[in-house]
There are 2 protein chains.
Amino acid sequence: MSIESLVTRARHICDVNGARFTTIREKVFRLLADTHGGIGAYELLEQLKASEPAAKPATIYRALDFLTEQGFIHKIESTNAFLLCHHFEQHHPAQLLICDQCGHVEELHSSPLQQEFVKLASEKGFLIQRQTVEAHGSCQSCLKKASND
Amino acid sequence: MSIESLVTRARHICDVNGARFTTIREKVFRLLADTHGGIGAYELLEQLKASEPAAKPATIYRALDFLTEQGFIHKIESTNAFLLCHHFEQHHPAQLLICDQCGHVEELHSSPLQQEFVKLASEKGFLIQRQTVEAHGSCQSCLKKASND
DNA sequence: GTTTTTTTGCTTCAGAATAACAAGACATTA
DNA sequence: TAATGTCTTGTTATTCTGAAGCAAAAAAAC
């Protein structure tokens with residue numbers, strides 16, 4: 001999936017939603033798209049400053065808020081990082097597998113897990129509005145590397 | 001479950017582990033036990049200062065680190081808060097239901113959900129070492145209240 | 001073309017967490 | 001019990017994360 005294609009899709013969704021995909025928002029979107037794993041707000045800010053020297057923390061956080069509202073990104077709560085979602089056509093809960101060795105993050109959308117969680121909550125009379133499901137550990141390629149040592 | 005009973009159990013586990021349940025650690029433990037939901041480190045610090053005026057952020061964070069190592073508390077990643085666990089005899093992954101209305105947090109330990117997550121990860125070749133499973137929404141009693149309006 | 005809404009610029013501040021080093025308390029064992 | 005080593009706490013500073021508030025600018029609506 002090329003960055004340009006992601007940008008085009010994002011722009012289209014903004015049009016539909018009557019939201020404005022401004023220059024700054026697009027730049028932050030592209031920076032996120034260039035990142036293979038999650039990236040912190042302040043690291044994003046450093047990168048944004050290359051083309052927007054006046055950028056301040058509020059600049060980034062406002063862009064991140066916007067991108068979150070549009071469903072373009074997920075926040076990784078356990079690391080305070082942000083991750084571009086590649087399937088943002090509809091909002092969806094996700095499960096994240098975060099590799100502590102290489103930093104790679106894999107995004108999953110398991111219905112069984114999702115349903116199990118909702119069911120579990122409803123048994124307690126709890127209505128889920130949003131959720132955070134994250135695992136830390138080792139990804140396949142890091143496990144392979146480790147076993148070769 | 002009374003606070004004294006929790007303290008006794010915690011002290012016993014520390015003895016077994018050869019860890020020291022010092023005054024400060026016990027005080028922080030008790031403050032956590034007095035809280036019905038999660039509580040932030042700095043709010044905890046404010047409360048601790050009542051009996052330990054010299055306490056500083058490091059005081060709290062060190063105590064929290066210790067209590068985490070012993071398995072006495074969970075961190076709520078999505079709110080940067082800490083929660084006393086009432087079943088700390090063995091370390092275990094937990095699922096948290098966090099009510100955004102009243103702040104109540106319910107801790108669950110569902111094996112099916114747990115197993116589903118591990119299975120899902122292993123299908124991707126991912127080995128889970130620790131996890132964060134949190135839901136935000138409305139608890140039963142808040143839903144009931146809302147329906148009476 | 002004026003008004004209204006949204007976005008951005010800018011400063012400040014609050015909350016969260018760690019680093020580094022000194023000082024004190026505790027445990028060990030000689 | 002005195003000396004030693006380890007663990008815990010005191011203290012200061014600093015970094016990271018995130019939000020609040022208000023003015024200026026840009027875009028949309030009328």
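Cβ atoms here come from the backbone N, Cα and C positions, even for glycine.
Automated prediction, rather than curation, is the source of TrEMBL annotations.
Under the heading Fe cation binding site, TrEMBL lists B:H91. DSSP classifies B:H91 (Fe cation binding site) as coil under the three-state reduction.
If you take the C-beta of B:C99 (Zn(2+) binding site) and look for same-chain residues 6 or more apart in sequence within under 8 angstroms, you find B:G37, B:V105, B:G137, B:S138, B:C139, B:C142. In three-state terms derived from DSSP, B:C99 (Zn(2+) binding site) belongs to an extended strand segment. According to TrEMBL, the Zn(2+) binding site annotation covers B:C99, B:C102, B:C139, B:C142.
Other Cβ atoms within 10 Å of the Cβ of B:C142 (Zn(2+) binding site), summed over all protein chains shown, number 19.
The binding-site residues in question are B:C102, B:C139, and the one with the fewest Cβ neighbours inside 10 Å is B:C102. Residues from the set of binding-site residues B:C102, B:C139, B:C142 situated with their C-beta under 8 Å of a chain A C-beta: B:C139. The Cβ of B:H91 (Fe cation binding site) has B:G71 as same-chain neighbours under 8 Å, each 6 or more residues away in sequence.
Other than the site residues B:C99, B:C102, B:C139, B:C142, same-chain residues with C-beta atoms no more than 8 angstroms from the centre of those residues' C-beta atoms, the Zn(2+) site, are B:D100, B:Q101, B:G103, B:H104, B:S138, B:Q140, B:S141, B:L143.
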